[in-house]
Amino acid sequence: MNQRTWLHAWLMLLPALVMLLAFTHIPALSTLWHSLYLPARSGEQAEFAGLDNYRMLLDDEVFWQALSNNLWYALGTVPTSMVLALVMALWVNSRIRGRTALRLAYFTPTMLPMIAVANIWLFFYSPEIGLFNQLLGSLGLDSINWLGDPDWALPSLMLMTIWKEAGFFMIFYLAALQGLNPDLYAAAALEGASPWYRFRRLTLPLLMPTSLFVLVNAVLNAFKLVDHLFILTKGGPNNATNLLLYYIYENAFAFFDSNYAATLTLVLLVLLILLALLQFTLLERRIHYR
Amino acid sequence: MLSRTKRLLAAGLASLVAIAAQAKTELTMYYPVSVGGPLTQVVDGMIEQFEQQNPEIEVNAIYAGNYNDARVKALAALKSGQPAQLSVMFSIDVHELMDQDAIIPFDELVETDEERQWLNSFYPALMENGKVDGVTYGIPFQRSTIVMYYNKDAFREAGLDPERPPQNWDELVEMGQKLVKTDARGQVERWGVMIPSTGYPYWMFGALAKQNGEVLMNSAGNQTWFNKPGVVEALEYWRDLGSRYGVMPEGTIEWGTLRQNFLEQKTAIMWHSTGSLTAVKRNADFDFGVAMLPARKNFGSPTGGGNFYIFKQSTPEERRAALKLVRFMTSPEQAAHWSIETGYIGVSPAAYETEALSRYIKEFPQAAVARDQLKYATAELATHQAGRIRKLLDDAIQSVLNGQAEPEAALNAAQKQAERILSRY
């Protein structure tokens with residue numbers, strides 16, 4: 001490569017690089033730096049803590065609970081919302097009447113702000129006046145204290161998240177489905193392949209790049225969407241629904257301990273990097289890009 | 001000649017007005033609303049009136065969510081260099097705000113004797129969370145106690161005297177059991193009582209502890225008493241209301257939907273902030289009463305709510321203007337107006353002497369209960385590292401109400417951790 005193209009390439013990369021440095025890499029480094037100090041008290045210099053914050057983290061039961069909640073939350077929401085998204089996409093991609101309205105209906109939850117949605121769902125979940133318990137009641141079942149019972153609180157949050165996310169992922173699947181080559185299906189039809197066979201051997205493999213994209217995003221969202229916690233449970237009861245990012249917020253803004261929050265942030269960052277690596281290395285080999 | 005003088009005068013006046021317009025002091029103030037309802041309009045109306053009376057001051061009053069949000073937004077604004085000269089924030093944030101070096105005491109701001117007297121014009125119980133070591137950092141504004149709302153129609157239906165709400169813990173259980181209504185399948189249609197246990201569990205718990213003769217912390221905010229026998233007993237009683245006596249649902253009870261539960265008659269009694277009073281009054285389609293919380297050893301409730309704070313990052317002119325605004329907002333007439341519109345306590349005895357509020361109370365005696373309860377009130381849980389300490393207690397309470405832990409063990413653990421955190425102060 002000659003000097004000029006080389007320079008050219010770097011110049012083209014520069015704007016994106018500057019943005020990445022300014023808003024991703026430098027903050028990440030300063031977070032690391034920050035996590036090595038104790039919170040400054042009024043008028044005093046911040047005290048160097050070394051790894052004290054990390055030691056505190058290992059002893060912090062709430063952190064471990066938030067971490068395990070978060071893993072369950074990801075496990076509970078990601079696969080379900082992806083499968084749902086695919087099913088919905090297949091359905092609204094078929095030639096049925098009123099499919100525009102149907103697509104819109106599925107996408108609506110995504111367009112509503114999370115906070116507004118949570119305020120509505122708070123009343124759905126209310127044990128005495130809520131929609132869900134009235135449904136259960138009409139079926140003759142006992143009512144459930146959805147958000148107030150530690151066994152039900154996290155699944156309740158998952159349910160709302162799936163409802164919110166599935167429509168969003170559907171859009172990606174729908175776009176991918178419409179980009180598929182009809183010749184392949186014509187050929188498959190000629191060979192007499194059954195619909196299930198076509199789905200398994202044609203559609204699914206062809207959708208793999210989209211699936212990877214959706215998977216990465218869904219996993220990220222499972223760790224970074226906590227807006228609804230502020231309204232629905234505030235992490236309670238007794239931390240049954242506390243998630244990592246919410247716990248970071250609590251530490252930084254409710255407890256004024258931005259240093260411990262930085263420590264937690266770093267742990268979350270490392271976790272997300274590991275998850276992303278895992279997804280890419282495991283799945284990359286099974287994906288055919290055209 | 002005359003006309004020339006006139007013209008000169010006019011020009012002079014015009015330029016004076018121009019100078020005055022330039023010298024307008026701008027104030028930014030954040031405030032929270034934690035009980036729902038159209039309270040922002042009430043605040044906006046009061047601010048507008050202030051600006052009309054004080055054309056040299058312009059106020060940007062910004063609604064900032066609940067108490068936590070308001071503190072976060074105000075402090076974030078200060079840190080990022082945006083102006084904020086005063087705010088209404090949680091009365092119990094005082095130690096934290098001092099540790100952050102964010103606020104100045106009002107004692108440094110008052111200049112005249114009249115102003116110094118003004119500092120002493122509020123109900124002493126409301127000053128407990130605003131004063132540290134005798135110095136005043138917070139001026140009471142949207143202040144409350146917890147009161148007991150009860151459905152008189154439900155009382156009649158259960159054969160109880162609607163003018164005689166439960167006076168003590170035992171009566172609360174007895175009457176509660178009569179008030180519980182179940183359908184044919186044995187599902188509860190109406191509960192006896194609900195005490196909310198999300199949002200502000202430590203606050204409700206402060207009431208139970210006080211009724212049992214205990215307080216949760218010292219006034220310096222560096223010591224807690226979560227595991228004293230009387231405090232443990234209070235938590236046992238709270239849990240037993242659900243698990244033993246069956247007058248309250250088990251598990252936690254949501255603060256945010258409780259008022260709606262009461263309005264839809266899903267519970268005959270609720271404990272809630274007096275700040276909900278006007279909303280309940282406007283929306284209840286049944287006969288309801290308001291009473292002091294029941295007693296064990298004595299009556300008791302913590303005070304609650306928001307105080308005015310003035311931030312250190314402000315010029316002397318801004319501080320004077322801010323003081324003027326605080327004085328306006330807490331003046332007897334405005335306090336009376338605010339109390340009528342919301343249910344919050346009129347912050348000074350003088351507010352109750354105004355014609356508006358005294359007439360209102362004559363028509364609607366429920367509005368005086370929170371004030372009368374001030375005699376038995378204590379400070380709300382306020383410590384250094386308040387957020388962490390509150391969370392420890394909240395988690396302990398919720399774990400007990402959910403049956404995950406025993407009261408004594410949970411409170412012992414919370415106390416131990418609180419001691420560790422507070423050892424630095």
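In case you wondered, yes, glycine gets a Cβ from its N, Cα and C as well.
Keep in mind that this is a model prediction, so the values were computed, not measured.
Residues or ranges marked as domain 'ABC transmembrane type-1' by TrEMBL: A:67-279. Per TrEMBL, transmembrane segment is recorded for A:7-28, A:71-92, A:104-124, A:166-190, A:202-223, A:260-283.
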So which residues does the transmembrane segment (A:260-283) touch in its own chain, when a touch means Cβ under 8 Å and the partner is 6 or more beyond its ends?
-> 28, 31-32, 34-35, 39, 53-54, 56-57, 63, 208, 212, 215-216, 219-220, 223, 244-245, 247-249, 251-252
For the transmembrane segment (A:202-223) and the transmembrane segment (A:71-92), check the count of CB pairs under 8 Å (sequence separation 6 or more) and say whether it reaches 3 or more.
-> yes
Beyond a gap of at least 6 residues from its ends, the CB atoms lying under 8 Å from the transmembrane segment (A:166-190) belong to 80-82, 84-86, 88-90, 92-93, 103, 106-110, 197-198, 202-203, 206-207, 209-210, 213-214, 217-218
Please give the sequence-distant neighbours of the transmembrane segment (A:7-28): residues at least 6 beyond its ends with Cβ less than 8 Å from one of its Cβ atoms.
-> 266, 269
